[in-house]
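Novice: Quick one: this structure, given as structure tokens, is what I'll be asking you about.
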Amino acid sequence: MQDKAKGYTTPARLLHWTVALFVLLLIPAGFVMVQQGLPRTLQNTLFLFHKNFGVIVLVLMLLRVAYRFFVRPPALPDHLPDWQRKIADISHRLLYVALFVMPISGYIRVRAGGFPIEGLDALGIGTLLPRSEMIANVAKTIHYLTAFAIVVLLMMHIGAALQHALLRRDGVFERMWPPTRR
């Protein structure tokens with residue numbers, strides 16, 4: 001059942017896939033960088049990558065929300081049942097929330113813990129928070145739990161995308177996939 005539904009715009013697709021790539025790199029890096037026994041240089045490199053690309057994800061998510069405000073996403077195809085529409089809407093909203101909570105809690109954890117975020121420091125953006133181990137620990141817990149929430153939401157998102165691409169072949173997947181020449 002191929003529905004010739006309108007696809008997302010090129011900027012929306014670029015923002016989607018850039019955030020997706022960064023998140024798919026940041027989550028494993030985040031879990032690995034806190035493991036005991038890592039060589040210090042590897043651990044430092046992972047922390048540097050994780051903190052600075054986390055800030056980039058936050059900026060990209062702000063751009064995504066601003067873009068969606070001005071350029072509405074295409075409607076889902078008419079053939080999708082209401083329950084799938086509701087699940088898609090809820091899961092997308094949760095993913096957006098998690099993709100804001102994650103870098104914000106990371107920022108709070110790092111800055112309240114007294115650590116640098118080198119990219120922001122280089123731009124002259126100083127710490128906006130007082131040093132506080134209590135705040136840092138709360139933010140660390142939120143950051144950690146949000147990572148698991150993102151993993152679950154991504155599994156659902158990717159699973160649904162693959163189901164539409166490989167099983168249903170209904171055009172939903174192609175709406176966000178980078179366009180190809182025919």
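Placed from the backbone N, Cα and C atoms, the Cβ positions cover glycine too.
Note that TrEMBL annotation is computational and uncurated.
Copying in the features that TrEMBL gives for the protein in this structure:
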| type | residues | note |
| --- | --- | --- |
| DOMAIN | 8-178 | domain 'Cytochrome b561 bacterial/Ni-hydrogenase' |
| TRANSMEM | 12-33 | transmembrane segment |
| TRANSMEM | 53-71 | transmembrane segment |
| TRANSMEM | 92-110 | transmembrane segment |
| TRANSMEM | 142-167 | transmembrane segment |
Novice: Any residues 6+ beyond the ends of the transmembrane segment (12-33) with a Cβ under 8 Å from its own?
Specialist: 43, 46-47, 49-50, 53-54, 56-57, 60-61, 63-64, 67-68, 71, 73, 99, 147, 150-151, 154, 176-179
Novice: Going along the chain, which residues at least six beyond the ends of the transmembrane segment (142-167) come within the CB cut-off of under 8 Å?
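Specialist: Here the qualifying positions are 23-24, 27, 30-31, 87-88, 91-92, 94-95, 98-99, 101-102, 105-106, 109, 173-174, 176-177.
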Novice: State the residues, same chain only, that lie 6 or more residues beyond the ends of the transmembrane segment (92-110) and have a CB under 8 A from a CB inside it; answer 'none' if no residue qualifies.
Specialist: 19, 23, 50-51, 54-55, 57-58, 61, 64-65, 116-117, 129, 135-136, 139-140, 142-143, 146-147, 149-150, 153-154, 157
Novice: Note the mean pLDDT of the domain 'Cytochrome b561 bacterial/Ni-hydrogenase' (8-178), expressed as a whole number.
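Specialist: Mean pLDDT for the domain 'Cytochrome b561 bacterial/Ni-hydrogenase' (8-178): 96.
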